[in-house]
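Student: Not my notes, these are from TrEMBL:
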DOMAIN    31-305  domain 'Pyruvate carboxyltransferase'
BINDING   Asp40, His244, His246, Asn280  Mg(2+) binding site
REGION    437-567  region 'Regulatory domain'
Amino acid sequence: MLKNPAEKYRPFPAINLPDRRWPNNVISKPPIWMSTDLRDGNQALFEPMNAERKMRIFEMLVRIGFKHIEAGFPAASETDFGFIRQLIEENKAGDDVHIEVLTQARPELITRTMESLRGAKNAILHFYNATAPNFREIVFNQGKQGVKAIATESARQIKELAAKQPETNWTFQYSPEVFSGTELDFAKEVVDAVTEVWDANPERKVIINLPATVEMATPNVYADQIEWMHRNLKRRDGIIISLHPHNDRGTAVAAAELGVMAGADRVEGCLFGHGERTGNVDLVTLALNLYSQGVDPGLDFSQINEVARTVEYCTQLPIHPRHPYVGDLVFTAFSGSHQDAIKKGLAARKEGEIWEVPYLPIDPADVGRTYESIIRVNSQSGKGGISYLLEAEYGLALPRRLQVEFSAAVQKVTDDTGKEVSAADIYGIFEREYLTLTEPLEYVSHTLFDENGKQGVKLRIRRFGVEETLTGLGNGPIDALMHALNVPVLVRNYDEHSLGHGADARAVAYVEVAEDGVPGDIFGVGIDPNIITASFKAVIGGANRVAKRHSAADQKARFGGKLAAAK
Ligand SMILES: CC(=O)SCCNC(=O)CCNC(=O)[C@H](O)C(C)(C)COP(=O)(O)OP(=O)(O)OC[C@H]1O[C@@H](n2cnc3c(N)ncnc32)[C@H](O)[C@@H]1OP(=O)(O)O
Ligand SMILES: CC(C)C(=O)C(=O)O
């Protein structure tokens, strides 16, 4: 890279529009959308789509709700020509979709292009020639008048040919290619001349597409350019102003949004931003940005994953995991504080309320994404995410202090492996930590009885693998159990809830226990169809976790019961 880039590059000059109005405007309705996936998108693939892939995209675009679909450049290849014929002959566009095609401003190409559209119900004939100074000089070797004449002669030819195909409802479209690099007064001069030839009027509107063929400046500059054209073009009421931003500077979405604020009526782009170089503007992002502001975009992305998989199949290009709205990771939070806020936001939300869940600009469910993908756990995660997954996937609503305790066990695994853990992995850690401990004590069975107004329990357990029967009396079942067990453990807190419904319902009990004389409470968890059994398992599990803090010899001494007493 150069030490002084000014030796090679110059800044884009500001537009002289001191009374610009667009910054105060708000987009309150969607523009007309035009998908150029099958043209600009298709021309920028390693392998252009074959007819089967093109048809899949076309049919999907119709289902999504596009009414303007640029389906190819029929003069360029037999594949494109044949595809346009197939769309028309098989009536794939129905009554309200306009098939659009592109051609250069060259007589033989225009003739061939018009031929491809024979019999179409609604068609948009789109032609272009570049108007920017470097194209005038380098590509066309023409002065301004010569370049303007290329446009007007083609406009005339198109009008004449269209008159010979009256069965079609025609819309004409012109693009001064590289509008973004064209002097505004010259762009206006050419466009005014073209709309004059076409006699643009409110009854017979034409489309004037103002492409940022190459994105050369900040998006506010494009908005100024659009507002200037919007305010200065002749026959404005007979013109649909269309935008066609490319993403060279990474700001195509912003440019399109500001361009619509500046007076544009229509936006051309591709799904997920396919297209030449860095791509065309991403129509999915634009539409869902509108949706997030409460404006119906008129495009249906309620099954966005399906759209993504189809586009990936047809373009043979992957979608980035961080791509807005659709990427695998965009509704995912790994970090603890994000997970905590999302979990609380989802829990606080009531059906029908305005969406205000932290960190999530829209409800993932609205685009067919599931909540499971929102929270993922790795070493950056905290108790919020871990407990969210356990609750969402396994119905376990851990008490807060248990969340803190258990997150340390998960953190240890994520730190050791450096990897993400799934909900199933987390449940596995939970099982290992709380549900499957059988040393030194293992619950076998119990019966309850009354004795002189006291609660009695007859308990069978295995202690260090040896089965024994114990009895105890107390104020309630847990108190009776503690007397029967006779281990140095105190029960501090108790929580329970049901898991599942109906015949398969089970109870889960969370018991916070302490070891007599030792600081640091610890949890035990039990799950069983019977609520008393669940709580006994939880107490015994808690006692086992207390015991684990000691050496084998100490465990025998403290938890050995009669065995220990006999020694
Ligand atoms: C910004 C965009 O994305 S525009 C769309 C671009 N897409 C495509 O080009 C894909 C389809 N195009 C093609 O397959 C080919 O270009 C074809 C088949 C249409 C034409 O091929 P060729 O006849 O070999 O011409 P090529 O495309 O190389 O163009 C060169 C000539 O066309 C002229 N030309 C290029 N664009 C235009 C235009 N929009 N209007 C008028 N003339 C043009 C050039 O000045 C050049 O003229 P010259 O031969 O007198 O120097
Ligand atoms: C033909 C035009 C609209 C184009 O694709 C561009 O300028 O990028």
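Just so you know, glycine gets a Cβ as well, placed from its N, Cα and C.
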Student: Highest CB neighbour count within 10 A among the binding-site residues His244, His246?
Tutor: His244
Student: Give the three-state DSSP assignment (helix, strand or coil) for Asp40 (Mg(2+) binding site).
Tutor: helix
Student: For the binding-site residues listed here (Asp40, Asn280), tell me which residue's CB has the most neighbouring CB atoms inside 10 Å.
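Tutor: That would be Asn280, with the highest Cβ count within 10 Å.
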Student: Can you name every residue in this chain, apart from Asp40, His244, His246, Asn280, with its Cβ inside 8 Å of the center of the Cβ atoms of the recorded Mg(2+) site?
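Tutor: Going along the sequence, the neighbours come out as Thr36, Pro211, Ala212, Thr213, Pro245, Ala252, Glu268, Gly269, Cys270, Gly275, Glu276, Gly279, Val281.
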Student: Pull the DSSP breakdown for the region 'Regulatory domain' (437-567) and write it out as helix, strand, coil residue counts.
Tutor: 42 helix, 62 strand, 27 coil
Student: To what whole number does the mean pLDDT across the domain 'Pyruvate carboxyltransferase' (31-305) round?
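Tutor: Taking every residue in the domain 'Pyruvate carboxyltransferase' (31-305) and averaging pLDDT yields 98.
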